[in-house]
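Going by TrEMBL, these are the annotated features:
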{"type": "REGION", "residues": "A:1-41", "note": "region 'Disordered'"}
{"type": "COMPBIAS", "residues": "A:11-37", "note": "compositional bias 'Low complexity'"}
{"type": "DOMAIN", "residues": "A:179-568", "note": "domain 'Myotubularin phosphatase'"}
{"type": "BINDING", "residues": "A:Asn304, A:Lys305, A:Ala306, A:Lys307, A:Asn329, A:Ile330, A:Cys391, A:Ser392, A:Asp393, A:Gly394, A:Trp395, A:Asp396, A:Arg397", "note": "substrate binding site"}
{"type": "ACT_SITE", "residues": "A:Cys391", "note": "active site, phosphocysteine intermediate"}
Amino acid sequence: MDKHNSSELLNSDFSLSKNASSDSLDSDSKSSSLNSKHGQDSNHVLGDIQLLDGEKVMGVARDVTYLCPYSGPSRGVLKVTNYQLHFRPTEPTSLQTTLSVPLGVVSRIEKVGGASSKGENSYGIEVFCKDMRNLRFAHKQENHSRRGIFEKLQQLAFPLSHRQPLFAFSYSESFPEDGWNVYEPIAELRRMGVNNDMWRITRINDKYEICDSYPAVWAVPTAANDDLLRSVAAFRSRGRIPVLAWIHPSSQATITRCSQPLVGVSGKRSREDERYIQLIMDANAQAHKLFIMDARPSANAIANKAKGGGYESEDAYQNAELVFLDIHNIHVMRESLRKLKELCFPQIDQTRWFSGIEASCWLKHIKCILAGAVRIVDKVENHKTSVLVHCSDGWDRTAQLTALAMLMLDPYYRTLRGFQVLIEKEWLSFGHKFQLRIGHGDERHSDADRSPVFVQWVDCVWQLQQQFPTAFEFTERLLITIVDHLYSCRFGTFLFNTERERVKEEVKTKTVSLWSYINSRQNLYLNPLYWGPSSFSNNSPPSQYSRPQMVLVPVASLRIIKLWKALYCRWNPTMRQQDPIYQRTRELVALRAQLEAAAAAAAGDHAARQHRLALTPPRVASPHHV
Amino acid sequence: MLLLSGELIVGTAHSVVMLAPLSERDRGRFGSLFVTNYKLSFVPIDNSSNDEYGQRNQLVGTFDVPLTGVGAVWQTDGGPTRRRRLLPRSDVPSKLKGLQVVCKNMKVLTFNFENSRIGNGRKVAMALLHHAFPKRHDLLFAFDYREPYYPTLPSDLNMFQRPGDWKRELERCECPHWRITCINGTSDAFMLTAGETLIVPGSVLDYNLIEAARHFRSGRVPIWVWGRPEGAALLRSGELLPTEQSATAESVLLEQVRRSHPKLTPPRVLYVCGAAGAGASGGGAGAGGGPLGPLPPLAALDASYKKLAELCTPTTLADFWTQDSQYYSFLESSRWLRHVAACLAFADEAAEQLARNVSVVLQEGDGVDYSAVVSCLTQLLLDAHCRSLAGFQSLVQKEWLALGHPFCDRLGRPRPGSTKEDADKEPAAQTAPVFLLFLDCTWQLQRQFPAAFQFTETYLTTLWDCTHNHLFDTFLFNCPRDRELAVSKNFVQRPLWDWEEQFSEQDIALFYNPLFGQPAPSSRFSTGAARAGAGGAVAGAGGAGAGAGGRLQPCTSLAGVELWSQCYERWLPPLDAPRAGPVQYLLHHAALRAQIQKLNEKLSSLSILTRHSRADEGGEGGEGGEGGEAPPAVTRFYPFSARGGCAAPLDGMQLSLIDASLLLDSQSLLNAPD
């Protein structure tokens, strides 16, 4: 299976820290397998555990059998650290190599078989993971090793349930760049031209008193004073008032986000909220209309009235048009992905592959979200109309839609840096409840608040990448790495629910940012086919053919939307991409760079010797065909 | 309109509107519609710059369809929605408001005659129904086409027409234990649908072959098609007939096959399709095909394809989005991708045996359909030569033409040699898109191994289009005998492989995969570091995605195959989008290769160091070369899509047609707290 490693060969000249190379999750779909170490660093003792800074071995069980669904059982040593579960086969083969799983991905752990269990490998533990796989280990009853390991795993995989800190607070590796500096809210607003005539920056929420799930810094219409903001907050669920997400550089049309209005069954109104929405509309001189995109199906929106929520009535909000985008709630999405997992793991169910995809509805949900974002983009870009987006609380579907629409509208977010800013801004600072949705270090695996909302958004980003292969500065590998560390608890980035909590827990000083890690090895994530604004050559006139596409409008059709097999089917060795296209591209790009350097050197050489021009007659160069 | 030599107009209608695909009756173009004895041709009144976009065929215009490419003809009420099938040679009502033509390459053309003179539409429709479905083979336009042909075929293309061609192949494969027999070219011929040259085990006598042939369907005894220098060979044969001695006859021949192996390893028989599979004969037999099982009877394959075609030829936007909402059910029910995956699985199984140096005999029905698919795919997996353009074309010549795949029957054309009366009497031959199945499988391999093939998907799609262009003789006959008979009656052979006959250099350039092969730095350029780097690139490319020994090991799971979007969905404007799709890889890499070539040239000119100085230098523009050559901005289905012909589908259709409740498993989830 050499071919899977070939993609790594190219990367071997990047100096990976010892830690990086031992990290099972840092790699792309090709090697981020159960056997992730294989081929990456052959000079290491095969399979010997590599500890991160701050990582300690907490438990060891010998003579354990790992029951791999693909390559069969293999015997070896199981180690548990405060970061990972590590299994090393006694006799590693090309198929059966080391397994290293961060404990953060563990969703639940169960004992399999009891004292009366007969049959080979029937006694042991099963580990259910958040990343669409299950791991089974068999213990020898007579070794009495199971209990110890099981308890260690329980404690270390669910530290919060045992009043222990997450590993991110022990992890101490330093990187050349501090990823916590990637996102500066003021700088990002300035990039968009705020403050300007119509929008101002306010620190009214500096102490998180108006809204505890919003960031400290907002951009709001200049005409709205602080009193108005306070009154609006009282009428919006959890105080999440409409604030600026993005502003169009030329038309000034905006995307704003918020939560549902507290309309209730009695149909309450708020003059202040109505006036405030009018101000948002007025901040855009190009249109005399505002679209309110309610991400929910209308039935859900109506149902929410019974709980005091609801939606804006077009009677109360003059000039506003309400559109329901029919995206379902977190419970539907969780159920959908669960069905997809059944189809993909451990074995691909070929007998009902396509009907299973259809029955899971996963791709239809993706289509709905993409179509919703396309609608927002259409209003903002083509109709120069501002759009207000909300769902119920404005932290799940709203974040999906605004972040996706911004990605389509603004090429900056399609760069490696810009993408990090986008996640920091639309997801983290606006309080997507990562802790609740992922359940970091929490043993309550069936908690109804868990849901793959963020993963679903990453899937949508992947769909965009697939549709527009040259529009992103980064590859699918970045997305998979982000998903891996969404669970791993190695970095502080995705911990806690809100900015307020992160400030309180001093995440920025006590943990490492995922972006520190990613930006220290960005060459692994760069798309060699990227054709963005930076690849503009200064001296080539930007003809319409070479102008990079500024706005992406994806096709929201199931004929084009694909299942992200590199993520969902990645544990299955038969499903890996055989020959990554980027490998050849990188070779070609490297060759071009060499030739460019050589050409520059030769030209310099030539210039130096120019004055003593040789008198020999010119030879004719034969055109060299490549 | 350009008429070819020998081409005649047989029907004309002016002031016709050709409706934009998937639009209602309000969008379209004015023009004239012609039917000739060669094609259906629409000539728009106004030219649009968009017409210049993409592939241009010098023989068939953008809005032309060769008559053999016409699939079904429908009568419409002028719009795209209400329609009634018009059968060949049936009558057409005098007030024909509209006509819809569904082409065999899944393009749908809809015409409206409401502005046309009364009766014009009917005339065109009648002419089309009469000429597009001829009853006799020699009525096809190729027999009337009078243009002389001067072959300029590339020398590395093996046409497999003469014994020498097969000898070349035997030598290329280094297989000394096999011999050429020309018995099939004599009056003792026993395999009437194959060419005169056959390759058989060195030890078998012609007499044995003639004897054994009686026990195989269509006389298809196992014959050699490919082999490895190590000894293992790939053979194709037909199914055994249920005669008493057939098992014996088979084992005698298989014994000869075993003796042709230097290690005397017994061959393995793969039953690709047919009843024989389960119960059959001797040792070493296996069903293969993985969990997907054997391939279906041709009728089932045809039905499968028709469902696929239905999925890919919606006629209205509403149809399009309705299909979209249940896309995967439709895909599942067509089963097409299952058959694709099964072919790949058989080929992988055969390649596995051959890689272990075990000979493989592919056995199937008449030995002219699936065995050709699997045999070709096996060679593509094992033999890097077949992945070059010339190698691939040679492969098609060998497996499909020399060994007699009945193209006329499978593509639904009249049988050569049969008269009109025969055609009425005989049962209709089984149509089935077997060759398309092969192209589709090849595309799957291309997609899985993007650097392993010299040709692109655009080449494969073009090839599929050209199987419906009967100007060329390549896919015009059922077997070599039919072709020879026609040639003896002054028929001019015109192989398809002369691509310059149809396409410009620019279009042909799109047939070549820029990821294939290795770019080398200029040899004049000799600093050590660069050498080493270039060496690395070359080493990396050598394998070109292949595992050990150049063998490709594809993913044969159903989850690993995909619908060939460029070929099947290119006529659906809502799917087209600027700067989208895999074609971007192609163009970007082509631009990269061009830049590398330019730099190489620049380097070699610099290394001369004797050129006149300043003017030259300045003219080069310094580093201008590398950034300047942007790949052109093209849309997803380039070079097949009409640029600008697509309005972004923002009309809300896509949302309104999804009933939100369909996405739910149960009401309880709907009511769960948000």
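If you go along the chain as it appears here, the first residue is 1 and each next one adds 1.
Note that Cβ sites are derived from N, Cα and C of the backbone, with glycine treated the same way.
For chain B, the nearby binding-site residues by a Cβ gap under 8 A number none, drawn from A:Ala306, A:Trp395, A:Arg397. Taking a C-beta cut-off of under 8 angstroms and a sequence separation of 6 or more, A:Asn329 (substrate binding site) has the following same-chain neighbours: A:Arg296, A:Asn300, A:Ser392, A:Asp396, A:Arg397.
Among the record's substrate binders, A:Asn304, A:Lys305, A:Ala306, A:Lys307, A:Asn329, A:Ile330, A:Cys391, A:Ser392, A:Asp393, A:Gly394, A:Trp395, A:Asp396, A:Arg397, no two C-alpha atoms are more than 21 Å apart, and one pair sits at exactly that spread. With the fewest other C-beta atoms within 10 Å around its C-beta, A:Ala306 stands out among the binding-site residues A:Asn304, A:Ala306, A:Asp393, A:Trp395, A:Arg397.
If you take every residue in the domain 'Myotubularin phosphatase' (A:179-568) and average the pLDDT, you get 94. Every protein chain considered, the tally of other Cβ atoms within 10 Å of the Cβ of A:Cys391 (substrate binding site) stands at 29.
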